[in-house]
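Shown next, in structure tokens, is the structure this report addresses.
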Amino acid sequence: MTKALLKDLNARDAPLREQLEQEATSLPKIVLSERQFCDVELILNGGFSPLDGFMNQKDYLNVVENLRLSTGEVFPIPITLDLNESQADSLKAGDRVALLDPRDGQTVIAILTVEDKYTPDKANEAEKVFGANDRAHPAVDYLFGRAGNVYVGGKLQAVTPIRHFDFVEYRYSPAQLRSDFQRNNWNRVVAFQTRNPMHRAHRELTVRAAKQHGARVLIHPVVGMTKPGDIDHFTRVRVYEAILQRYPKGSAKLSLLPLAMRMAGPREALWHAIIRKNYGASHFIIGRDHAGPGKNSQGEDFYGPYDAQYLVEQYAQEIGITIVPFQMMTYLPDEDIYKPVDKVEPGTRTLNISGTELRRRLRVGANIPEWFSYPEVVAILRQSYPPKYSQGFVLAVPATSDKLLPSALVSALNEDGRRHVTLLPRLDAISVFYAQELQRAGAAVVVSLADADASVKVPAEWTTVNIKPKDSVSEVTFAVLSQLSDEGYL
């Protein structure tokens with residue numbers, strides 16, 4: 001299987017860096033959004049090859065309608081520089097614009113040469129790319145709620161290499177990963193995409209796929225933008241580090257992908273396959289509901305469970321990667337093994353723990369069995385997501401005629417003895433900061449809203465104590481302790 005042509009703009013433009021840096025000082029500047037920043041990184045390092053810039057209108061329309069660039073190459077997701085009208089008004093074809101790193105708003109990471117600007121039909125984009133014009137889809141919500149109304153197309157030149165400061169040892173570019181595979185004679189590599197922690201089922205699935213195809217495993221998780229509510233990438237990477245030790249020595253490698261996901265189901269799966277081909281993989285695992293965003297506004301799945309497999313198989317030979325389709329893995333307790341559900345005989349006893357149930361067990365501190373996940377993985381998840389009784393909380397006490405109520409709550413909680421409690425006597429910007437830091441550290445905090453700074457709002461995640469006009473201090477205190485106990489904080 002031939003290697004995909006890699007457009008590594010970082011390598012191409014390295015000799016021009018000093019000249020481009022000097023030019024950028026006099027150019028108009030745009031601070032990228034988080035998603036644009038992820039897109040630029042993968043354009044510059046070749047992860048989005050054959051792209052070498054943001055799509056012009058011709059490419060955009062062809063991708064939306066036909067899953068191809070205007071030159072014919074398969075590419076299923078529009079990669080566009082969306083701007084608001086005030087940003088785009090002054091731009092015209094031929095202009096040069098410096099694109100800035102959003103983390104500091106100063107570092108020039110690329111220069112864009114404007115080719116065109118155009119107003120997209122967002123409703124059509126939503127229907128064609130994401131399958132529905134439904135704000136319950138996170139990418140559709142982004143499209144209408146956050147993305148600018150003008151798209152600017154044009155080619156990029158790399159200026160300052162993008163630096164990351166976490167898990168640097170796993171941040172390989174496509175060229176670096178290809179070189180590593182070649183150096184270690186990894187001629188067959190099966191890539192595994194994930195935005196979630198990995199458990200035993202994922203390990204069994206990837207090992208099985210590698211054995212079937214005589215390949216090594218590339219664990220290639222997304223650490224850019226994922227689905228809102230996903231577990232943070234810091235926790236996930238620690239999990240991947242731990243589970244990597246459970247693979248046969250020399251059979252698996254971890255590399256992080258700075259991708260901004262769109263959760264576009266079948267189209268996204270095809271996009272992921274192209275990206276993995278660019279990173280040097282020969283095979284790509286596509287499982288059940290690949291890159292699905294969950295339920296639509298009618299409570300139904302946006303995509304069928306295996307739609308992604310069907311679509312990618314149609315293009316696999318053309319893009320040059322072998323698809324490894326897998327159904328969900330399930331545990332057979334009587335045999336102590338995992339099998340794909342389609343390989344399980346009718347009537348066989350099986351066990352599984354859903355993501356919802358896992359989150360519940362973490363929340364209440366319930367047992368997570370070893371058949372489901374490795375102890376070291378569970379320990380990492382519990383550290384990042386402790387049960388309610390180990391989490392901090394903040395009680396905001398409204399002004400009342402009895403100014404002793406905040407002190408009474410502190411005394412009652414301290415008497416209970418299960419939590420460390422701090423009283424902050426006034427709401428202002430400084431006390432909000434202290435309360436949030438104490439909460440993060442697992443402490444209980446009581447904040448009096450008497451004499452509150454009117455310019456400071458009570459954070460939404462705080463619990464405001466409900467006080468009825470005739471309630472006594474003891475009645476309020478009892479009600480608060482009962483509520484905290486019912487919610488699992490005590």
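Each residue's number is its place along the chain shown, starting with 1.
Cβ atoms here come from the backbone N, Cα and C positions, even for glycine.
When the residues THR348, THR356 are compared with Swiss-Prot, the one annotated as phosphothreonine is THR356.
Counting only the Cα atoms, the space from MET329 (ATP binding site) to HIS202 (site 'Transition state stabilizer') is about 8 angstrom.
Taking H, G and I as helix, E and B as strand and the rest as coil, DSSP gives the region 'Required for oligomerization' (391-490) the counts 38 helix, 16 strand, 46 coil. Burial estimate for the recorded positions (GLN193, THR356): highest at GLN193, by number of other CB atoms within 10 Å.
Of HIS199, HIS202, THR356, all annotated as recorded positions, the residue with the shortest Cα distance to GLN193 (ATP binding site) is HIS202. In the three-state DSSP scheme, MET329 (ATP binding site) is classed as strand. All chains included, 23 other C-beta atoms sit within 10 angstroms of the C-beta of GLY287 (ATP binding site).
Rounded to a whole number, the C-alpha distance linking THR356 (phosphothreonine) with ARG195 (ATP binding site) is 16 angstrom.
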